[in-house]
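Here's the structure we're looking at; comments come further down.
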Amino acid sequence: MFPYQPMYPMQPMPFRNPFAAPRRPWFPRTDPFLAMQVQELARSMANLTFKQRRDVPPEGPPAKKKKKDTSQQGGRNQNGKKKNKLVKKKKKTGPPPQKTNGGKKKVNKKPGKRQRMVMKLESDKTFPIMLDGRINGYACVVGGKLFRPLHVEGKIDNDVLSSLKTKKASKYDLEYADVPQSMRADTFKYTHEKPQGYYSWHHGAVQYENGRFTVPKGVGAKGDSGRPILDNQGRVVAIVLGGVNEGSRTALSVVTWNEKGVTVKYTPENSEQWSLVTTMCLLANVTFPCSQPPICYDRKPAETLSMLSHNIDNPGYDELLEAVLKCPGRGKRSTEELFKEYKLTRPYMARCIRCAVGSCHSPIAIEAVRSEGHDGYVRLQTSSQYGLDPSGNLKGRTMRYDMHGTIEEIPLHQVSLHTSRPCHIIDGHGYFLLARCPAGDSITMEFKKESVTHSCSVPYEVKFNPVGRELYTHPPEHGAEQPCHVYAHDAQNRGAYVEMHLPGSEVDSTLLSTSGSSVHVTPPAGQSVLVECECGGTKISETINSAKQYSQCSKTAQCRAYRTQNDKWVYNSDKLPKAAGETLKGKLHVPFVLTEAKCTVPLAPEPIITFGFRSVSLKLHPKNPTFLTTRQLDGEPAYTHELITNPVVRNFSVTEKGWEFVWGNHPPQRYWSQETAPGNPHGLPHEVITHYYHRYPMSTILGLSICAAIVTTSIAASVWLFCKSRISCLTPYRLTPNARMPLCLAVLCCARTARAETTWESLDHLWNHNQQMFWSQLLIPLAALIVATRLLKCVCCVVPFLVVAGAVGAGAYEHATTMPNQVGIPYNTIVNRAGYAPLPISIVPTKVKLIPTVNLEYITCHYKTGMDSPAIKCCGTQECSPTYRPDEQCKVFSGVYPFMWGGAYCFCDTENTQISKAYVTKSEDCVTDHAQAYKAHTASVQAFLNITVGGHSTTAVVYVNGETPVNFNGVKLTAGPLSTAWSPFDKKIVQYAGEIYNYDFPEYGAGHAGAFGDIQARTISSSDVYANTNLVLQRPKAGAIHVPYTQAPSGYEQWKKDKPPSLKFTAPFGCEIYTNPIRAENCAVGSIPLAFDIPDALFTRVSETPTLSTAECTLNECVYSSDFGGIATVKYSASKSGKCAVHVPSGTATLKEAAVELAEQGSATIHFSTASIHPEFRLQICTSYVTCKGDCHPPKDHIVTHPQYHAQSFTAAVSKTAWTWLTSLLGGSAIIIIIGLVLATIVAMYVLTNQKHN
């Protein structure tokens, strides 16, 4: 490849010291014979150690032990080491090895670092269990005990361990026994610590995540049961019992240990035991191992197909199918030659509804088309075959087809496939073809050979299926990775099958000819032909292998020649007739099935976000139609789900509980509003009104309306009283001629006196004529002075309105409290115990899991309609056999006239009958693309807590059930039960594509056609399938062999189109929904009761802690409704330096610090969070209390990306300034009313006194 010789790295030259080396001290020389004995003993021990693993060599090339031994034996002497080095050097200088296998060099995979480490540790601690000379599983020695899987039969390959008497633990599928004392020093250690990450076992790395051990698919198989899984320190974390394939990975069934050292078994659904049990098959009432059949296909093809048919339901069918393709003595083919089983089949001709001109019998008839992947690929099933030559040998990029009984081939690049535009053919194997096609409403396949064009078209809507939340039409170059389903580009065995059977007889008129007055039949070479003739009154029916002449008949129309072949299978197509008698069925693997993968999805441009007061504005400009989903993070999610196709602006309200939006394939974004608003709660009246109007618009409007009504009422009442008093006062003087009104009365009633008098003269007149009015006049200033004094007192001495959210009581040795179930929000409290210093307790929940108990009812997927080849009886009647398959329909049609490519099938015209059968089964892609219907029951709650008690911190996993305690540092903690038995999951839930939906699905066995659950199976691999698809058979068209039918569309596909957003986007309280296992995390609902049992050792005597002699608290800065936006400075004088707990007994403020360091004199800074505008709280430091109070200002940011750390149930107080202005307003209104009342009283007294005097 390169024009220059490759350069290999040279060995570095040794460093030469320019100074002479010191002489080595002399030691007495050891006996060479004794050294050789020690070396031989060490070598023998190493061989004994590794001999236990010779039956199962590791992955990679076998070790060249023989060459090494011979070289050592040939040069074994006192200078043996030098000889070995010379031999190695000679090997390097020898000629390079010649390439074999057509120039392909086999790449040997060497064991990795993990495998080498496990092999080294397993060598003398893991022992194979032998059964019939084969390794059936393994036993390992862990912690002084021998563990072996209960399901593994056989004898341990160790004399000491095999003689031990074991005890059975069927619950854990284990047998165990105590190992002898002499072996306990060299055993595995075990651990319950299993942080998420990667561990090691015999085959490499094991991933541990969400409580599950998984390995890549194909790593590990039967025979690995009992192998240990080790951590980096060589400790056993689990023992493997089995596994189950889940897409691209295999989930392991293991036995492990929990924190208490109790054995726990975890088994995934549909898990298989990995003991190497030999599966037996049957041939003529004789059993044999499925992997060792007595016959093979190349030698006895017909008998082999019969054997496969009789074992079609055997669990070892795949082993038998693989074994019959390899006859003993034949060389093994390359591992790249996959799916050799299709040499058991042959192509066929079938009717195509739309050829170049009308319908025809086409060699490339299209049977089925599927395009369910997310990569734009289409999988076709045709009557032609791919990857095989006419003789049945593997030949890549080749198509073979049946042309009137003759199998021909054509290069695959000469075959065209197109929809609206040409397709790109990826590969083909067997009856299946994989291609990438543009969108279109039909698909056409054609090729041309010898100036003849063969084509076939079928109606099928081909379109690109995007994955994710953006409806793109072409895969992007860059973006995010998401799980998806794609068609595998190889032909590996992935558990999907297609049904085969022996073909029926095919009429071939080309085999008939006339010679004189007789009919001549010429069978093809190596084939048998069934001849049926009706010549006059003579009926002939026989099978011939060579040419034969029938003189009884003179016309070819009197005879039918049927091709018969019992050594090849064909697809069980409705376009082919069924063979007479018992049909030998089989099944072969389907290539190019759907698999799980990672697809690149586009990311829509990020929205332009504008924050407002309790609102968010999103300016969206998508490139593709993109979904926008929003929800509130409280009990009422009020979610929205909208497909945005054009640039738009959407406005949403945000509350203190939180709001979340998901834009396309971007991760969710959450926002919380803060209690911010324009204006100033401590400013002038208009600023106060503006502030409260934005925060509480309805309450502010109502309050202002009430104040305005009070002021208006007071003014109106005062005016009315004044007018009434004036009229009552002036009326007597108006009726008296030349009456003179006193001066004081004229002033009160706003009337002009008859003559001008001084104040003294007026008082003298009242004293002489009306003393009651005199004293009333003197009381008016006194009343005004009293009112002014009381008003001033009310204005200056207003008590602010504070709401106390609650107090946290402190117990003693046994402490109980309640913590809000909100992740990330710290909860601080203290324990006050007589004679001891307060003990601070801080708890921060990092994760809270709600795991429901679920029961899988069934799985549903896209169904596949299976149609048996129609059974045609010429000139006779038939009856349907009993039906036993899902939704199977059977119907007999009379008066059919079938016709094949070789001519008419029957002699009769109207007496022929046809049995049509159709049924429903799971699609080949059901293993990957399916939905699971669960019933959910009581949920368990698991909390991950960061706990600090005093100076001791730990991380604990607590089951919130009120029963299961957790011990750490002597502290015993019991949590739960949760204050509310709430769950986001309904009684019926559906899991699809890693997401959970609340859906009321029909019960098992009660599905409806065209709805979810129209096809049901207990598990993916179970055979008990129920279906209801409204399958109705129709009468076949005359002149064609086919099975027409009508059927309801797939309810599963319709549900996928109509399904609402999953719980991931709609769950209340901000729950995060996950699968494997199904769970909800971090739901901010309810509270968690906690009970602490604290030992005496964690308490500190009061005498050993500092005490404060003086303390003064000042609020330096305070921003309410913000995360620790308050800063308090406490100046103190302490008895000595030390550490003290700080706490606020009330819920007015939440402290960031749980303890502070104190000096003998100084100040401490404490951060707090509050929702109060004018906070006033008592701060406990050690055993002393100090009061902190001040004014808080609103936060500057309207929206933040994190929740508030204070109690959200706390309602903010009305500021002191607002109360001052409010009381002033009400006080002014009261003065007006009081003045009116005083005037009315004075006038009334005067009128009454005057009338009495007169």
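Note that Cβ sites are derived from N, Cα and C of the backbone, with glycine treated the same way.
These numbers come from a predicted model, not from an experiment.
Lifted from Swiss-Prot, the feature list:
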type	residues	note
DOMAIN	125-274	domain 'Peptidase S3'
CARBOHYD	ASN285	N-linked glycosylation site
CARBOHYD	ASN651	N-linked glycosylation site
CARBOHYD	ASN946	N-linked glycosylation site
CARBOHYD	ASN1082	N-linked glycosylation site
MOD_RES	THR93	phosphothreonine
MOD_RES	SER123	phosphoserine
MOD_RES	THR126	phosphothreonine
REGION	48-119	region 'Disordered'
REGION	91-126	region 'Binding to the viral RNA'
REGION	729-749	region 'Transient transmembrane before p62-6K protein processing'
MOTIF	41-48	motif 'Supraphysiological nuclear export signal'
MOTIF	64-68	motif 'Nuclear localization signal'
Which one is it: of the recorded positions THR126, ASN285, ASN946, ASN1082, whose Cα lies the shortest distance from the Cα of ASN651 (N-linked glycosylation site)?
ASN1082
Which of ASN285, ASN651, ASN946, ASN1082 has the fewest nearby Cβ atoms, counting only those within 10 Å, among these glycosylation sites?
ASN285
Those residues of the chain, 6+ apart, with a Cβ under 8 Å from that of THR126 (phosphothreonine):
TYR138, ALA139, CYS140, VAL141, GLY226, ARG227, PRO228
Just the number: how many Å between the Cα atoms of ASN1082 (N-linked glycosylation site) and ASN946 (N-linked glycosylation site)?
15
Across the domain 'Peptidase S3' (125-274), what are the DSSP residue counts per state (helix, strand, coil)?
10 helix, 77 strand, 63 coil
Cα-Cα distance linking ASN285 (N-linked glycosylation site) and ASN946 (N-linked glycosylation site), given in Å to the nearest integer:
67
Can you tell me whether DSSP puts ASN1082 (N-linked glycosylation site) in helix, strand or coil?
coil
